[in-house]
Amino acid sequence: MTTLSLTARVPARRYLLGAILAAWVLGHALLAGRDTLALGGAELTPLHEGANQAWDTVDDNRNSNPFFLYFFNYVRLILDESVRFVQALISQPSFGRPVPVLGWLGVVALAAAVTYIFGNIRVALLTVAGFVSFGLLGLWAESMDTLALTLTAVAYSLAVGIPLGIWAGLSGRFNRFVTPVLDFMQTMPTFVYLAPLTLFFLIGPASATIATMIYAIPPAIRITAHAIREVSPVTLEASASLGATAAQSLRQVRLPLARRTIVVGVNQTIMAALSMATIAALIDAPGLGKTVLKALQTLDIGAAFNAGLAIVIMAVVLDRATTAASRRVETRRRTGREISAFFRRVEVGGALGIAAVLGYLSYTYVWAAEFPAGADLGSYVRRAADAASLWVQDSLSGFTDALKNVITYGLLNPFESLLAGSPWWLVFAVGVSIAALVGGLRAAITAAVGLAALIGLGLWQDSMVTLASTLVATILVLALGVATGVWIGRSDRADAVLRPVLDAGQTMPAFVYLVPILGLFGPTRFTAIIAAVVFAAPVAIKLVAEGIRGVPPATVEAARSAGSSSWQLIGKVRLPMARASVALAANQGLIYVLSMVVVGGLVGAGALGYDVVAGFSQHQLRGKGLAAGLAIVVLGIVLDRVTRAAQVRTVRLGVIKED
Amino acid sequence: MKDQPVLDVRGLWKVFGPKPERAVGSTLSRQELKERTGCVAAVRDVSFAVRPGEVFVVMGLSGSGKSTLVRCLTRLIEPTAGEILFDGADIRKADERHLRELRRHRLAMVFQHFGLLPHRCVLDNVAYGLEIRGSGRAERYKRAREVLELVGLTGFENSYPDQLSGGMQQRVGLARALAVDPDLLLFDEPFSALDPLIRREMQNEVIRLHREVGKTMVFITHDLSEALKLGDRILIMRDGALVQMGTPDEVVGAPADDYVRDFVSDVPRSHVLTLRWVMRDALPEEPLDGPELDPDLVIRDAVRVVLSADRPVRVVRDGELLGVVTSAEILEMIAR
C-alpha cells in the first residue's frame, strides 16, 4: 500500500514543482523591481549601526572588562607570543639580532633532517628543493612567516585534537556530543568567522591562529577517533582476556594500531592549517597570503602568481613529507629489530649532526643567514606570469568571452533577476514551498526561519544575488561532477590520470585558484563563480566516482547481458544506483561553493562576499560585514538542511521503489 | 579431592536486551521470548562441571550460544544469572581487580580469529600476557621462547603475524595462551578459520599438547568430528540450552533427542562406539575361552580380532566378564 501511494505521488510532486516555478516566473514578469529590499553598498540598517556601536563598546572596554582581562587577552597573549617565538626562530629579526636565530641554511638543513628521519631520503631532497625555491622566488621571509603560523596552529590543533579524538574514539557518548559540533565547524564557510574572531582577539597572529585551529582541528579529532574506534574488536578482546587494564589496552593495542591512521589525520590537519593560514591574511596574518592578497587587490597577476607558486610548493612539500611519514610507520616494523636499532641511531645522529652544524653556520655567518639576493628567480616568474596572462587574455579572449557570456546571460542573469528582482514575499513563498516539496515539513520550517533571518539582517537582496551565483556554480559543479565522475568511475585509466590531479586540487589552499582564473577572466562575478567551481569540483567528482564504482559488478554484468548499451548502462543502472552519492555530491558541492563566497568578493563578485571583505577594511562597514557573514552562514544552514532532507527522501523513495 | 571440578557452572544465563533479568527462568521458546520481551536468551540455564585434566567440548551450530557461553566464563561477556565456580570460588563475585588477576594468571583463551597484535613480532605477541602482568623483559622472553618451541615455531620469533599462514598464526595464539601457564585453557572455535588439512594438523597438535602439559581445556566447536576427536566429554547446545552432555560414545550411541540423533547420524559409529555398546550376555552353551578385549576399546580397533576369532570374544574389565562379542554383532553394527 505504501509502495503504491509513494510511487504514485512522485509525478504529482513533479507537476507541483513545475507549477510553482511557472507561478514564480509569471509573478516576476508582472512585479519585477517591487519590494526587492535593495540596500546600497554604503547604506546601513539600524542593526548594522547597532553592531558597529557594540563593536566600539568592546574596543573601549577591552582592558577593563574581566572577561577580556582574565581570559581573551591571555589567550591572545599566549598565541601571539607562540607565533612570534617561532617567527623569531626562523623568519623575523629577533633577540637583538638583525636576522632570525636560524638562517636559511639552518632551516633548510633542519627541515631536511626532520623529513629524512620521519620520512625518507626522497622527501628530504624534495624538501630541500622546495625550501630553496622559496628563497629563489624572493619570498624567503614571507614563506617562513606562513610556515611559522602554520606550525604553531598545527601544534596547538594536535595538542587539543588528538586527546579529544582519543576520547571520542573511546566514549560513544562524547563522540555523539562532539560530532555535530565538528559538523558545524566544517560546514561553516571559512571566511565568516574571521571577523568575529578579531572582535575578541584583535587582528594579528592570535586571531589567525584561532581561525586556523577552527579549520584544522576537526580532521584531527575525527580521524583520531575513527582510528581508535576501528581497532579490531577481536584483538581488543584477546587483550582483555589476558587481563589487560583499560590503560594497557589503550597504550599497547589501540594507539599502536591506530598510529598510521592518526598520522593521516596529522597530514589533513597540516593541509587544512596551511590553507587557512594563507586565508587569514584577510585579518592581517603575516606571510605569503598577505602577498597574494595585496597582489589581488592591485590586480598584479605576476606577483600573485609568484606567491601562489610558493604556497603550492609549500603545500606539496608538507603533504609529501607527512604522507611519507605515515608510510614509514607501516614499513618500519618490517625491518629486523636488532640491526635497524643500531643503524637507526647512526642515521638519526648523522642527520641531526649535519643539521646542527649548518644551523650553527646560519646562526653565525650572514651568507648562511640571509638568502643571497643575487639568486632571484622571482622577478622572472612575475614577468613571465604577467606576459602569459596578457597573452591568454588577448588570444583566448574569443573563447573565454564566449564561455563567460553563455554562462552570464544564459544562467546567471536570469537566476539573479528571478531571485533578486522579484518581490521578497514572492521569493519567500516560492523558497518555502520548494523546501516543503523536496524536503518535507522540517526543511520548510528551516527555510522559512532562515529566509526571515536574512530579511532581519537587512541583507535580503545581497543574499539573493549571492544565492543566484551559488546556485549557478553548484549546477556547474554538479554537471562537471557527474560527467567526470562517471568517466573516472568507469575507466581505470582515467582514474589513474585524474585522481592525482583531484588530490592536488584538494590540497591546494583556496587562494591559489584565484590567480590563474583572474588572469583568464579579469575581475568579474564570473571569475568568482569559476573559482568556486574549481574549488568544489574535486569533491563532487570524487563522490560521484565513488558511487559509480560502488555499483556491484554483478548488476552491471546482468544489465549488459540483457543487451543494454553503454549509455543505457550509465543512465539506467549506474547513475540510479549511485543516486545517494550524487545527492551527497550536490550537498557537498553547495557547501564548498558557499565557502568561496568571500574569496569571490575579493575578485569582483558583489553582494555578501563584498560586504564581508569591505567589513575587514572599512571601519564604518564592520557591522554590516558581520551581518553579511551571518547571512552566509544562514544561507549555508538552509541549503545544507534542505539538500540533506531531499537526499534522505530520494534514497528512501528509491528503496521503496526497488522493493 | 582429586575429582573436585576445576570449573563448576551452575544455572548460567545470558540474556541480551532490555531488562534482561526478567527473562531469566523463562521457559518460553526463543522466538516467543523475543516477541514478548524483546530479549534474546543466548545462554539459558546451562550447568556443567569440568574435571581436572579433562578436555571438555561445547558443541553447537552457529547461533546456539556456545561462543557467548565461553565468553561468560571469563566475563568478557557479563552473565545475567548463575554461578561460575572456579576452584570453588565464584568468578561472578570477583571484583575487577581480582578478575584481572584471574585472567592474567589462571585462565587463558584462544580465539577463532587469533586476535594477534599486528604491530608486534611473534615473540612480543607471545610475551604480551606476561608483559601486562609485569614480568621483566628477560624473564618473559625466556618463557616466550620455551612456549614457541613447544608449539613448533622456533625460528619465527621476529616474524610479524601477517607474514605467517593461518595455521601458524593460530600456533602463536596458542603459545600466547600457554605462556601465562594457566590452569584452564579456553578455545573459541580456534580452527574454524583454517583449511581442513591444517585444521587436522592443529587438532593433533592440541592432543599432543594436552598429553605433554596436561592442561584442563574447554573447547568450543561447531564441528562434530572435531568434538568427537578431542573431547573427553561433550556438551551439545541448541538455542542456548543444554541438549545433551556425555562422552563421545554416549552422544553417538544414545542420542538424547531427535536433534542430536540427526546430528550424529553421519558419524561412522564403529569409529566412536566401544565394545561396551555391542556386547551381549554370553549364551549358556557358548565357549568362553576366546580372546579377551577391554570394554572401552573402539569397535573399529576390535574388528580384526573379533572377525578372525573362531569363537566369541570376551569383554573383560578387571578380570570380570562383562559380556561377549561375535562377528554377528560387529557386522550388524557396521551395516546399520
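Glycine residues also receive a Cβ, built from the backbone N, Cα and C atoms like all the rest.
Listed in TrEMBL:
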- A:98-118: transmembrane segment (TRANSMEM)
- A:124-141: transmembrane segment (TRANSMEM)
- A:143-322: domain 'ABC transmembrane type-1' (DOMAIN)
- A:148-170: transmembrane segment (TRANSMEM)
- A:190-217: transmembrane segment (TRANSMEM)
- A:261-283: transmembrane segment (TRANSMEM)
- A:303-321: transmembrane segment (TRANSMEM)
- A:342-363: transmembrane segment (TRANSMEM)
- A:443-461: transmembrane segment (TRANSMEM)
- A:463-643: domain 'ABC transmembrane type-1' (DOMAIN)
- A:467-489: transmembrane segment (TRANSMEM)
- A:589-609: transmembrane segment (TRANSMEM)
- A:621-639: transmembrane segment (TRANSMEM)
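Ranked by number of Cβ pairs under 8 Å to the transmembrane segment (A:303-321), the listed stretches A:124-141, A:148-170, A:190-217, A:342-363, A:589-609 are led by A:124-141. Among A:190-217, A:443-461, A:467-489, A:589-609, A:621-639, A:190-217 has the largest number of CB pairs under 8 A with the transmembrane segment (A:261-283).
Proximity of distant same-chain residues to the transmembrane segment (A:124-141), defined by a Cβ-Cβ separation under 8 Å and at least 6 residues beyond the stretch ends, is recorded for 91-92, 104, 107-108, 111-113, 115-116, 288, 291, 306-307, 309-310, 313-314, 316-317, 320-321, 371-372, 375-379, 381.
Sequence-distant contacts of the transmembrane segment (A:98-118) (same chain, six or more residues past either end, CB-CB distance under 8 Å): 87-92, 124-128, 131-132, 135, 140, 144, 321, 324-325, 328, 347-348, 351-352, 354-355, 357-363, 365-366, 368-371.
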